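Right, one structure below, let's go through it.
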Amino acid sequence: MEVSNTKQQHQSASISLTKPVRCIVKLGGAAITCKNELETINEENLKTVSSQLRQSMTTGSNSGEVLGMDWSKQPGESEISSPISDFEDRPVVDSSPFIVVHGAGSFGHFQASKSGVHKGGLYQPLVKAGFVATRISVTKLNLEIVRALAREGIPSVGMSPFSCGWSTRERNIASADLSAVAKAIESGLVPVLHGDAVLDDLLDCTILSGDVIISNLAAHLKPEYVVFLTDVPGVYDRPPSEPNAVLLREIAVGKDGSWSIEKPTLQNKNKQVETSVAAHDTTGGMLTKISEAAAIAKLGIDVYIVELGTGSDEPCVEGLEWRIERQPS
């Protein structure tokens, strides 16, 4: 999907970087985990997307050899294997600045929904315990994604919104310190953020979704484009599991941020997208994703929503499934 629009309105000023961010990528939780199996990673999908991201980020490498950066002990091995000597004569590789944000999938949602973290009330013992349990779960997933990217030679570093000082007020972002993200990018690292349990000024606590995080990052860092990688080919007019679901190709975003379906032409032109949310999903599912995509489009930034694994050498550009364009003035 492609999204474009013109004016940006945000309380904070944009952050100026020496080298602009090329892309912010959202790894959908349902695409990188087995969402119906508690805390289970979809290893095949994660390996595929890590390899594709490496190909997209690396623009000047003279060698197809991948030198991994995960030098931690691997399961079943008695020693740590690291290609340290191979790095000594390795030429500097020119790579495009990227940011990765991932959803939680089968990590975190169970703990959050069972304890009611998303509803607030941190003073309650159950909510407080759920807050801790949710953060343990989502940071566990974050570490595994960072490791998967590092094995592909991507200099990734995990950054939890809670630890970086992000907070909300009635579930809307109230504070988001991007200084650590900016410094990481300037240092040639790839920040990897994730949906997280955070403190809320009025509710005490809540869940900050990866889709909302991306919208905030886009407003401040102004990437060339944003990509949402999902477990389905794009956005449908209803849940894709339902009969006669139609894949949407183009959506027009108005100056006020509202959006309407342009292509294909539906029988009911006033029809809005019908979405479903899993019982344990505390972040709003596809509806949140669509709303944030429209908000990013309003900033004049191209947005794509595609199925993970589609596309060719440029998975973030090829194989587009949904297009959002600016309405004529």
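If you go along the chain as it appears here, the first residue is 1 and each next one adds 1.
Heads up, the Cβ atoms here are built off N, Cα and C, so glycines get one too.
TrEMBL does not curate its annotations; it predicts them automatically.
Here's what TrEMBL has on this protein:
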BINDING   ALA104, HIS109, GLY210  substrate binding site
BINDING   GLY105, ASP231, GLY285, LYS289  ATP binding site
DOMAIN    22-306  domain 'Aspartate/glutamate/uridylate kinase'
SITE      LYS35  site 'Transition state stabilizer'
Task: Residue among the recorded positions LYS35, ALA104, HIS109, GLY210, ASP231 whose Cβ has the most other Cβ atoms within 10 Å - done: ALA104
Open item on the list: Given a separation of at least six residues and a C-beta threshold under 8 Å, show me what packs close to GLY105 (ATP binding site) in the same chain.
Closed with: GLY28, GLY29, ALA30, ALA31, ILE32, THR33, CYS34, LYS35, LEU141
TODO: Round to a whole number and give the Cα-to-Cα distance in Å for the pair ALA104 (substrate binding site) and ASP231 (ATP binding site).
DONE: 13
Task: Segment-level pLDDT (mean, integer) for the domain 'Aspartate/glutamate/uridylate kinase' (22-306) - done: 85
TODO: State, in Å as a whole number, the widest CA to CA span among the substrate-binding residues ALA104, HIS109, GLY210 given in the record.
DONE: 13
